[in-house]
Amino acid sequence: MDAELFPRAPCEIAPGAVHVPDWLDAREQRELLEACRAWARPPAGLRTVRTPGGGAMTARQVCLGWHWYPYGYARTVVDGDGAPVKPFPARLGELGRRAVADAFGDDPARGPAYDIALVNFYDADARMGMHRDSDEKSQAPVVSLSLGDTCVFRFGNPGTRARPYTDVELRSGDLFVFGGPSRLAYHGVPRVHTGTGPPELGLTGRLNITLRVSGR
Ligand SMILES: O=C(O)CCC(=O)C(=O)O
Ligand SMILES: [Fe+2]
């Protein structure tokens, strides 16, 4: 990573929304990337998500634990190959609890029981429009982990897709957690900066993993 003039410090972007730079070390990033590569393989692998309006999301996605489709959750890939969704690994649950504890200063042992992971892969042209993560029945915070290319992550408010919002640079290894009053805030990825990931990671593009609690 480039030497920083000023180290990036953890920052509360909105009430209940915290950015923790450089949360994953290089080894953890490599291990997560390897795992993502395995999860992306069929059956129930990486797919293009089609929206009911006839559009397609530009980020491709694979789910663990519960399969997300527009707009709900299922145990099989109802909008793809129909295969059972891959299981949610216990170590992602531990990672999620540790993330919330580090972001909010809570006790990890009492953290939420994560049971969903959505892995999004962004190539150079991929984006994600402003949306809310509102298909989960639980209000537990969403934990977001980024690998590879740096992106602009736009984090807004629960009421509207428009301002006020804050543009945050998410880099490889960064953690972002949003819960409480920001749990249903609109957010999106207007831009990925191609070729900005750590060369030693060996990833072309960007991966984002969000951990969620289904509440089911
Ligand atoms: O890629 C990101 O940083 C955000 C992903 C996201 O908002 C989602 O999966 O719902
Ligand atoms: Fe989201």
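The backbone N, Cα and C atoms fix where each Cβ goes, and this holds for glycine too.
For His131, Asp133, His187, the entry in TrEMBL reads Fe cation binding site. Taken from TrEMBL, the feature domain 'Fe2OG dioxygenase' applies to 113-215.
Cβ environment of His131 (Fe cation binding site): Tyr186, His187, Gly188 lie under 8 Å away, each six or more residues apart in the same chain. Note on His187 (Fe cation binding site): other Cβ atoms within 10 Å of its Cβ, all shown chains, come to 27.
Taking the domain 'Fe2OG dioxygenase' (113-215) as a whole, pLDDT averages 98 in the prediction. In the three-state DSSP scheme, His187 (Fe cation binding site) is classed as strand. The DSSP breakdown of the domain 'Fe2OG dioxygenase' (113-215) into helical (H, G, I), extended (E, B) and coil residues amounts to 6 helix, 47 strand, 50 coil. Under a cutoff of 8 A between CB atoms, and with a sequence separation of 6+ in the same chain, the neighbours of Asp133 (Fe cation binding site) are Val142, Arg183, Leu184, His187, Thr210, Arg212. Listed in chain order, the residues near the Fe cation site other than His131, Asp133, His187 are Met128, Met130, Arg132, Ser134, Ala185, Tyr186, Gly188, each with its Cβ within 8 Å of the site Cβ centroid.
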